[in-house]
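To start, the structure under review is shown below, and the notes come after it.
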Amino acid sequence: MVQREMIAVCQMTATHDIDENYQTMKDMIKRAAERNCKMVFFPECCDFIGRAREESIDLAMREEARFVQQLRADAAEHRIWISVGTFHEKTSKTLIIDGNGALLTKYGTLQLFDLEVPGVVRPIESDFLSTGQSLLNLVETPVGRLGFDICYDVRYPELSLWHRSQGAQVLCYPAAFTANTGFAHWETLLRARAIETQCYVVAPAQMGKYNDNRSSYGHSMVVDPWGAVIAQCSDNIDMCFAEINLEFLEKIRVMQPVFEHRSKDIYSLQTNYVPPADESDRKFAEHGINKEVIFYRSEVSYGSVNQKPFMEGHVLVAPIREVKHLTDLTDQETSDLFNVAKRIQAMLQKTYNTELFTVALQDGSLAEQSVKRVRIHIVPRREGDFNGSDIYQELAKHDKTDRQPRDHDEMKKEAELYVKNM
């Protein structure tokens, strides 16, 4: 069965009047529904574009605002998904509303465009916006698995490559490119992101002049996984329509299996992505680790409290995949393991108000590795707690003594504290 679905991509000239902007969006949603589109995409700043920094701050709203609630009602009425290009809280965020009107997720831009050329231009987004703090999970929609970034993010190919590694089929870049950078780079950047990821790229954009100091390029478009522009708006407030054909996408990936050909043993992409909560327990060699004592997870590593700590705050960090030796880890797993250890140590530093730590990796029986698996011990220290290298003797025997394992509730409480402090 061919997987083909229609989408609508919108182009606007937003103003400071939120109600006026909403009416434009409402009309576009109705038009998209009449064309049997499954999803409609709006550009960055579709809620408003302030005339000054102070006005932008004053107009910022919450999710409960009437503007958002009206869009949720429109989505439910027309049974259509809506990507609200950006919605101005203190952070500029993309909102995703499903066909039932439910607010599914929001994403904050990771890069802000700050540029000051004396006497020429001064677009300083950080004057009134803060950056997002995390990567967004892919969103399952009727048109495919979507990865979202915002405007300036399109210049950072690592983000699009990461989305593809997570299984993205469609990438979305709501934008308000300036007229000069748009003319020079807009289409080139979008086609590059499509070609390198073999994804559809959807790019709704602002266009036109808002005031004497600001205008946007427009040219909202859709690019297919082969890099061809398959739909585009001109220089006016309008919409373009495109078909997302996932069968064609898979054909492209079979013809050009570039991700399978990547030399992952030579280079990799490292992120601080925290995956959705994993409700499964972990196996630590022959020992089970209850999910309630795991306080941090990355894609390939985790941190857990210790059954038999010999110091307060003594925790373990281990790769999710069971390996006996550090040399058995992939480069990605190695990098992630030590990045997670660093992040957990920073949390413990704050929790126990100390900058003194012993961090030790046990690998092999001569390292007194009682469990045949790579793991890192992180131990907060105090002045005078051990003489010289005595701590390593204590570490070697800490789980071989007759000391009874701690009560599960005690360990769970400790894990909850660490989750809060992460």
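Note: Cβ is positioned from N, Cα and C throughout, glycine not excepted.
Keep in mind that TrEMBL annotations are predicted by a computer and have not been checked by a curator.
Copied over from TrEMBL, here are the features:
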BINDING   His287, Asn306, Gln362, His377  substrate binding site
DOMAIN    1-246  domain 'CN hydrolase'
DOMAIN    280-388  domain 'HIT'
SITE      Tyr392  site 'Important for induction of apoptosis'
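Broken down with DSSP, the domain 'HIT' (280-388) shows 31 helix, 32 strand, 46 coil. The two recorded residues, His377 (substrate binding site) and Tyr392 (site 'Important for induction of apoptosis'), have Cα atoms 11 Å apart.
If you take every residue in the domain 'HIT' (280-388) and average the pLDDT, you get 86.
In sequence order, Ala360 make up the list of same-chain residues 6 or more apart from Tyr392 (site 'Important for induction of apoptosis') whose Cβ falls under 8 Å from its Cβ. Here the Cβ of Asn306 (substrate binding site) has 21 other Cβ atoms within 10 Å, regardless of which shown protein chain they belong to.
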